[in-house]
Amino acid sequence: MSASDLTSVQAGAPQGRRQILVTSALPYANGQIHIGHLVEYIQTDIWVRTMRMHGHEIYYIGADDTHGTPVMLRAEQEGVSPKQLIERVWREHKRDFDSFGVSFDNFYTTDSDENRVLSETIYLALKEAGFIAEREIEQAYDPVRQMFLPDRFIKGECPKCHAKDQYGDSCEVCGTTYQPTDLIHPYSVVSGAAPVRKTSTHYFFRLSDPRCEAFLREWVSGLAQPEATNKMREWLGEAGEAKLADWDISRDAPYFGFEIPGAPGKYFYVWLDAPVGYYASFKNLCQRRGLDFDAWIRKDSTTEQYHFIGKDILYFHTLFWPAMLEFSGHRTPTNVFAHGFLTVDGAKMSKSRGTFITAQSYIDTGLNPEWLRYYFAAKLNATMEDIDLNLEDFQARVNSDLVGKYVNIASRAAGFLLKRFDGRVQASAMNHPLLATLRGAIPQIAAHYEAREYGRALRQTMELADAVNGYVDSAKPWELAKDPANAVALHETCSVSLEAFRLLSLALKPVLPRVAQGVEAFLGIAPLTWADAGTPLSPEQPVRAYQHLMTRVDPKQIDALLAANRGSLQGTAAAAEAGAANGNGAGSKNGKGAKAAAQPAASAANADDGASPIISIDDFAKIDLRIAKIVACQAVEGSDKLLQLTLDVGEERTRNVFSGIKSAYRPEQLVGKLTVMVANLAPRKMKFGLSEGMVLAASAADEKAEPGLYILEPHSGAKPGMRVK
């Protein structure tokens, strides 16, 4: 169903009962769930709840991704078996998902009999169809532990920016991708020994087969997100270009996973059996509920299948996975929905670096999970844009929207209705024009949710809440209650308020399911569905005593959350200041220290051994620092360092500035951003043109030891041309 189709969906209208299978990416079973993970599970859960409220047959499936070298080594470090480790982690993950209201129909494990059988079946079907190749490859080998090393188990010095302790496939500092053999001074993270090269027989899925390319070109054209389609087309290349490489689907013993049939000592690579785990989890559910599993996965199935994932695993879900399914005789996904990454107060989260806020720490500090569900939903849309958890904004938005605008409507009306009118609404009040407006908006809000435009759904809902509060403030029930002669008007006001509250609760139910349960109990009504928009409260059913549905965020709770994750967040700040690229070139100036996380950390820039000379305030006043908006940005042909920025500085014309930040940013990342520039720097004639100023960037003092480069961004509200003083 396209986005345009979704907007025509009418809440409660007969759409036909759809059969839908939905998955989120499988969390890896060697670590904790953090709030970055929760973006995806909350996004998926809201969509699933939306579809359940339409009455569709929908199943939300998940599992722990349990196989691979990291799990094997983690278990060894803990002195337990891999199976013991994954069983414990499963319980922890299930606890966290339950805490945040993630309503899986089945949360399973990829280390299951169902998954082994399905993985073998798919592999053998691909082999029979000629899609499996066998060849010798050379790999890194740990001579001490006598094991082949995955790329992420080799570290060394980045060949480009020379950052230390970088992984064997990509640099977390400058973003460069490379082969493990490109690392300078590589070492095994398992034993510390220098890896040697050794050959082994491996098995490959022939993604380069012309049949795969032809199928994938057609399949990716149907993806819902244009940016996903464009990225896949980049990887596919032009017709005849043959950019797709065969995919290594095997690993050597020792390895925790499923052994490949007919290949002793060889195991399925985790990325083969992990997506099959979606089907394995669903098969387990089907066996328990008596559902026809084959009817959902066979090639001619009329059911729908959607995968919600992070944009970092698009490659696996839009190339490997659909090709595996197509050529093993199964149905392919209806669509794949990718989301962006989460930052916390502007800093990128990194699980491998331990820089994340755990789900459990959020719960342990007494924060309401539905606050986070609401905040994430307010920022989510149907694109792959990154979202930021700004903790000050989080507190302000929850307190203003959920407490100030929403639950206070019920608290203001319920007392009068119970005390004066036996808890029963006025029947004639259910026809009030304000309620007609709310009922008319419900179908559009439901359509926004289905189109994954959660931010739009919540903005519309809060606009309606503003209208309801305006009505209450105008009617002044607290004044009406002072005079018995106003009883009819008071009854109408309270009745309209509570019916409006019911409708707002309906609009918010996919996001706030536990609050919705409380509302349903308070109003004495059945679980709300979209079809209930036109079924108002009845005088025959008195409301119950009002119980507080939600409290305000206490700043002390935020402080406790930061304290619980202080080491992690300081690591984020340190990583940001130890950053990415070398050499700033003309038009870019290093500043000292850049706030990168919610929790302050010792700045690398503050450790500068060579102190800058002291200047007077008059010296500083000579520098005209201005807010600038980057309206255009492009790479400079012939330069590996420079980007050409077109800046709006609030003047009648734009300015042209060359900045040496190409190693840290792609042009499209900068367009639309605000930054800070030196506006009164003398223009400089360069090889590539005239540079009319300088943008500011932060980096560490010793750029070779701690490379990194970060442009400065002002807070929202700053405008082009404003002076920085």
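Keep in mind that glycine also has a Cβ here, set from the backbone N, Cα and C atoms.
Of all ranges given (27-37, 390-400, 665-675), Swiss-Prot attaches the label motif ''HIGH' region' to 27-37. Looking at the stretches 138-142, 348-352, 553-557, 683-687, the one that Swiss-Prot records under the feature motif ''KMSKS' region' is 348-352.
Note on the domain 'tRNA-binding' (619-725): its mean pLDDT in the predicted model is 82. For the domain 'tRNA-binding' (619-725), the DSSP-based tally of helix, strand and coil residues reads 7 helix, 44 strand, 56 coil. DSSP assigns CYS161 (Zn(2+) binding site) to coil in the three-state reduction, outside any helix or strand.
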